[in-house]
Amino acid sequence: MANYFNTLPLREQLAQLAQCRFMHTAEFADGVEALKGKKMVVIGCGAQGLNQGLNLRDSGLDVSYALRPEAIEQKRQSWKNASENGFVVGTYEELIPTADVVLNLTPDKQHTSVVNTVMPLMKEGACLSYSHGFNIVEEGMKVRDDLTVIMVAPKCPGSEVRAEYVRGFGVPTLIAVHEDNDPKGEGLALAKAYAVGTGGHKAGVLMSSFIAEVKSDLMGEQTILCGMLQTGSLLCFDKMVEEGIDPGYASRLIQYGWETVTEALKYGGVTNMLDRLSNPAKIKAFDLSEELKEIMRPLYNKHQDDIMSGHFSQTMMEDWANDDANLLKWRAETAETNFEKTPAGDVEITEQEFFDNGILMVAMVKAGVELAFETMTAAGIIAESAYYESLHETPLIANTIARKKLYEMNATISDTAEYGCYLYNHACVPLLADFMKGIKSDVIGKGLSLDDNGVDNARLIEVNTALRSHPVEAVGSVLRGYMADMKKIV
Amino acid sequence: MDSLTRLNDIHQNHILLTKATVSFDDRFTLSEIDWTITPEQHWVITGPNGAGKSALAAALAGIGDIQSGSIQGIPNNVEIVSFEAQAELIAQELKKDDADIMDVISLGTPVSEMIFDHCQDTELAQTLVEKFGLSTLVDRAFRKLSTGETRKVMLIRALANKPELLILDEPFDGLDVDTLAMLQAHLASLIDTVPMVMVLNRFDEMPDFITHVAYLDKDRPEKKRGDKQSGDKGRLTLTVDRQDNAAFNELYQLLHLKTTDLSVPEADPTNKLPALDPSQPLVKLTQATIQYGDTVIVDKLDWTIERGQHWQLSGPNGSGKTCVLSLITGDHPQCYTNDIFVFGFQRGNGESIWQIKQFIGYVSTNLQWEYRVSTSCKNVIISGFYDSIGMYTKSTDSQKKIADQWLKLLGMQDRADQPFNKLSYGDQRLLLIARAMVKHPPLLILDEPCLGLDDINRQLVLALIEKICQGSETTVLYVNHHAEDQISGIEHYLALKKNN
Ligand SMILES: NC(=O)c1ccc[n+]([C@@H]2O[C@H](COP(=O)([O-])OP(=O)(O)OC[C@H]3O[C@@H](n4cnc5c(N)ncnc54)[C@H](OP(=O)(O)O)[C@@H]3O)[C@@H](O)[C@H]2O)c1
Ligand SMILES: [Mg+2]
């Protein structure tokens with residue numbers, strides 16, 4: 001199998017990357033009709049599998065689970081998830097031949113083997129669906145010509161997919177049809193009905209392509225989302241300890257700091273996040289982030305280039321083939337870092353203090369979001385996609401760190417994201433070594449110690465203008481506007 | 001210990017009601033009143049109509065028959081001004097006429113005699129006569145006065161008689177603005193000399209010097225078969241120290257709910273729920289079973305809820321009450337493995353949970369935990385139209401209007417735009433009940449609606465629920481293990497046992 005993206009001519013590559021359209025509510029008027037009475041068989045009952053299945057069933061659809069034999073025999077967690085929730089569970093042989101839609105919700109790493117196993121069992125004209133396009137785009141999976149291939153990708157962890165549905169809402173979702181596999185022209189109708197079934201239509205659906213989804217998803221998760229937060233956590237912690245700050249305090253400031261500062265990001269973009277700082281701190285954060293962007297830009301470019309060329313997925317697949325040697329080694333290393341080993345101290349940090357004493361963290365988030373967005377759009381990914389895969393998802397990942405530090409983050413994200421995160425972290429820590437030498441506790445740990453908060457008017461105007469005119473802010477305010485019409489939750 | 005402190009109280013000139021049950025002509029009974037009034041306190045008695053406010057005031061003046069318990073420490077010189085006392089005085093006057101055997105037309109007792117023969121402080125009486133504007137009427141016959149004028153005479157008599165306890169039942173009723181201000185000022189000048197007890201229907205008329213409020217409510221008689229109709233009962237359900245701001249505000253709200261004429265707002269006329277087949281039950285569970293692994297929580301339960309049958313579901317913790325409810329609401333994953341018929345749907349046949357939920361209003365402590373959204377109070381109510389937590393769609397004008405009516409009913413109209421999560425726990429619960437009821441669902445499920453609430457909030461919630469039960473066709477399913485929190489009108493009971 002060859003990398004699918006690389007088989008396309010440049011014209012087609014660019015056209016696919018540029019696909020992304022915010023769909024109108026009226027386009028979902030048919031609800032789940034296209035899937036009514038059809039048999040939906042989910043393979044895998046993990047984070048996405050279970051939660052999507054619960055939503056689909058509660059939307060009136062017929063959902064059952066096909067698990068691999070070991071999972072059933074050993075009554076593994078996936079088997080328990082499905083059977084305790086009252087779903088029919090069966091083997092591939094029992095269920096796949098009856099399926100009108102097969103939802104492949106196994107880990108991406110397993111997709112080739114899973115799809116190769118189930119494809120011969122699928123009935124003529126059925127539909128195969130994914131929640132991530134890696135298998136199609138990077139591994140070039142060739143699916144039988146009579147089968148329809150779609151993607152419905154919630155832009156949130158599985159637990160959120162369920163929680164938002166239960167409160168009567170949903171999570172933003174990206175849908176796509178694989179053009180090579182749409183024999184009956186029903187792919188879009190099925191994908192839309194599926195998105196309605198999970199509640200995604202209430203939160204906003206982006207009509208995209210497999211390629212745009214994969215290339216932007218990979219870029220976002222390995223750079224700003226996971227890579228930057230991991231690198232920032234380790235560097236900021238070590239710096240604070242070096243500066244004599246109580247390690248318990250440092251640990252808490254970081255563990256909960258990302259969540260707090262990105263909450264402001266979620267509501268009002270980078271601008272609002274920086275507006276939470278005092279004027280002198282804002283200018284400081286801005287300057288730091290400019291410096292960071294200059295240092296890190298080549299790294300962001302390299303990640304995007306490697307993703308586009310297929311170099312990234314190739315090295316990752318080599319590691320898969322090598323029993324995940326690199327991934328497991330890095331995972332062990334993270335567990336041994338000082339930040340990870342130091343529990344958050346029993347001190348109270350007020351919401352504002354996270355900003356005031358975390359100026360560098362704010363600068364890192366700003367630099368990472370803007371760089372990822374700039375790099376993606378420069379590579380032909382449309383702004384809406386780039387926004388969702390950078391700014392929009394950052395608070396969601398920050399929440400996982402708040403729960404249980406980097407361990408939780410890496411456990412929640414996909415293997416692909418984890419692999420990319422480590423690549424980034426390994427390159428970024430040494431890259432920022434010099435920069436970090438100049439950092440003192442005034443920007444991380446203690447806050448600026450100024451006699452007065454005066455700033456130069458001209459400079460403040462310059463900084464505010466730069467913040468507000470960044471393209472991620474323009475598209476962000478439009479998309480958040482759509483969301484705010486529908487969603488007003490904390 | 002208790003009797004000792006009580007003894008002390010008596011020595012200190014406290015008025016002490018101990019489990020006092022007082023009946024009034026068989027028509028009304030105050031039951032088991034426990035109440036202490038110390039000399040420096042000034043009370044307002046308040047509560048809904050028919051709760052016995054005037055009866056309690058009268059009991060302090062020695063009226064009514066003490067059936068059991070005791071009333072101690074009432075001073076010798078008690079003055080009461082009330083409609084009943086006024087009526088009696090007038091009746092006495094008329095009787096004097098009847099009793100007149102001489103064939104002369106009686107002029108009746110003049111006002112001056114009525115006042116000055118009765119009071120200890122004639123100088124004060126004279127001043128008050130002037131202040132009340134009765135100077136020109138002193139020679140007139142008492143029985144010729146208007147109701148408002150006789151009321152003034154009574155007030156003057158009471159005030160000028162230097163009472164040791166002054167009881168005023170609706171003293172401000174029917175007074176013009178100037179007289180009202182004058183009377184209030186005069187009462188304020190007495191606060192260090194005489195303890196006062198007032199009955200007031202309207203909270204906003206309460207003078208500033210009032211230190212305590214006693215709240216009476218109608219007692220819900222436990223219906224026992226063979227019980228003779230023994231008339232209405234009233235009970236002193238709470239007393240509030242005015243210094244306690246929070247409690248005071250809640251009392252205000254409670255009184256508002258209990259005394260307002262507002263009824264439950266209508267359903268949205270522009271968006272009606274689909275009609276249900278009246279011949280079918282609302283809910284029918286057949287051999288319902290909930291099981292986790294080998295642990296059986298609910299075992300083969302058969303349960304049918306017919307339209308208009310109000311149910312109370314009870315059972316100890318862990319007996320599966322909430323599980324059973326979630327089978328009905330569609331929140332339990334094992335809905336799909338049970339034989340459940342709800343609102344015309346046999347579950348598991350392609351219906352969505354939103355099609356089920358549209359027929360249900362639901363309130364529980366859990367919902368309150370989950371309702372952690374930064375949205376306005378008004379939106380919380382409106383979200384009931386959508387069965388959602390938070391609002392994700394633009395609301396219609398009609399929905400907004402209905403939400404406003406609900407806020408008004410709750411006495412919370414000034415909080416329409418305040419964030420829900422900044423409200424007190426009890427206020428949040430009230431709003432969630434309004435949210436559940438806003439669409440007039442065929443079934444209203446109240447899962448321990450009073451759980452975690454203090455006494456007054458509990459009463460607030462029950463008052464609201466009762467209002468709802470009166471003013472709608474909704475069938476109520478009430479889950480509770482507090483026996484005292486009963487809702488009138490529930491006649492079907494299901495008690496779950498704990499499976500081990
Ligand atoms: N996590 C996210 O935030 C997220 C968001 C959007 C999209 N996605 C996409 O959703 C898909 C599923 O991800 P996930 O996070 O839900 O995965 P997950 O939680 O790891 O669950 C995967 C499930 O697949 C089963 N499985 C593993 N290997 C298998 C094999 N070889 N054959 C058959 N079944 C196997 C596992 O059960 P047993 O091991 O017991 O068999 C498990 O239940 C991926 O394509 C991912 O990219 C994830
Ligand atoms: Mg992603």
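In case you wondered, yes, glycine gets a Cβ from its N, Cα and C as well.
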Recorded Mg(2+) 2 site member, picked from A:Asp180, A:Asp182, A:Asp217, that accompanies A:Glu389, A:Glu393 in TrEMBL: A:Asp217
Which of A:Gly158, A:Gly168, A:Gly170 belongs with A:Cys45, A:Gly46, A:Ala47, A:Gln48, A:Arg68, A:Arg76, A:Ser78, A:Asp108, A:Lys109, A:Gln110 in the NADP(+) site listed by TrEMBL: A:Gly158
Candidates near ligand 1 among the binding-site residues A:Lys109, A:Asp217, A:Glu221, A:Ser278, A:Glu389, judged by a Cβ under 6 angstroms: none
Rounded Cα separation (Å) that holds between A:Cys45 (NADP(+) binding site) and A:Asp217 (Mg(2+) 2 binding site): 22
Candidates near ligand 2 among the binding-site residues A:Ala47, A:Gly158, A:Asp217, A:Glu221, A:Ser414, judged by a Cβ under 6 angstroms: A:Asp217, A:Glu221
Chain B neighbours, filtered from binding-site residues A:Ser78, A:Lys109, A:Gly158, A:Asp217, A:Ser278, A:Glu389, Cβ-Cβ distance under 8 Å: none
Rounded distance in angstrom between the Cα atoms of A:Asp217 (Mg(2+) 2 binding site) and A:Gly158 (NADP(+) binding site): 16
Residue pair A:Ser278 (substrate binding site), A:His132 (active site) - Cα distance, angstrom, rounded: 41
Cβ neighbour count (within 10 Å, all chains shown) around A:Glu221 (Mg(2+) 1 binding site): 25
DSSP helix/strand/coil residue counts for the domain 'KARI C-terminal knotted' (A:345-486): 105 helix, 0 strand, 37 coil
